[in-house]
Amino acid sequence: MTELIDNWGQPAFAALLDAGIALLAAGLLLGPTAPQRRAAPTALIGGALLGYVALATINMTDTALSAFPAALGQVLWHTHFGRTQLLAFAAWGMLCLAGNRRSIRWVAVLTLIVARAATGHAADAGWVSPALLVQTLHLSGMAAWAGTVFSASLHPPRRDQATALGQRLSSLAGWSLGLIVLTGVWNLTRITHDAPWQANADYTGWLLAKGGLIGLAVTLGALNRWRYLPHIARLDGRAHRRFWQILRLEGLLLTVVLLLAARLAVTMPG
């Protein structure tokens with residue numbers, strides 16, 4: 001059990017954090033077609049951020065519980081990782097105070113994404129670098145795709161609104177997937193020094209699993225787009241039910257993708 005927590009505790013909280021960010025991004029991207037529920041994602045981000053920082057501190061310092069407060073202070077104020085988490089906490093505070101001000105929520109969500117990008121393999125390139133920019137774009141694409149799928153699958157619309165939301169989901173997923181693939185390939189070549197075939201077995205295994213699940217999610221999305229969405233426009237009740245069942249399955253796959261992505265972020269390729 002201890003080994004399981006050591007290996008997966010921090011990635012699990014990171015995945016929850018990414019899911020909360022994705023849900024908030026979805027509310028901004030989908031506009032009036034999105035269910036207006038912001039309190040739950042904001043609370044999820046706050047709780048996940050606390051758990052993520054706590055486990056990261058323990059992993060980085062191997063500290064005992066009695067010495068945890070001092071170790072936490074050292075990590076937050078004297079490491080690059082800590083400074084990224086202070087930025088994330090500041091963005092979370094903005095979310096708590098933003099209310100209905102979309103511009104502030106956009107700034108907060110983008111700041112959270114930058115903070116997440118700066119904690120992965122792009123951290124060694126510094127704050128002002130192509131690596132951080134590309135990783136930020138990569139995470140933005142993932143947040144847009146996963147967030148819209150999560151939001152729609154958790155809160156299905158009325159039948160008369162389903163066509164508009166389905167078309168919006170399809171469009172966002174297409175653009176997001178292109179961004180994810182392009183930036184993902186660039187990231188892979190950078191961190192493996194243009195030799196991805198030389199990555200170790202652990203990294204390669206998690207990467208292939210992530211890629212396979214993304215492929216399955218894309219297949220489900222294409223099935224919905226080309227088979228069921230046209231029938232929803234004709235108010236076909238069976239097609240409507242199948243569309244949202246498949247969307248929930250796609251959301252489940254993307255949840256695992258977020259977990260694997262978080263695991264990859266703490267796994268060195270060489």
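Note: Cβ is positioned from N, Cα and C throughout, glycine not excepted.
Where the annotation comes from TrEMBL, it is an automatic prediction and has not been curated.
Feature annotations, reproduced from TrEMBL:
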TRANSMEM  12-31  transmembrane segment
TRANSMEM  43-61  transmembrane segment
TRANSMEM  81-99  transmembrane segment
TRANSMEM  106-123  transmembrane segment
TRANSMEM  135-154  transmembrane segment
TRANSMEM  166-186  transmembrane segment
DOMAIN    166-262  domain 'Copper resistance protein D'
TRANSMEM  206-226  transmembrane segment
TRANSMEM  247-266  transmembrane segment
Contact call for the transmembrane segment (247-266) and the transmembrane segment (43-61): at least 3 Cβ pairs under 8 Å, seq gap 6+: no
Helix, strand and coil totals (DSSP H, G, I; E, B; other) for the domain 'Copper resistance protein D' (166-262): 87 helix, 0 strand, 10 coil
Recorded stretch that, among 81-99, 135-154, 206-226, has the most CB pairs under 8 Å to the transmembrane segment (43-61): 81-99
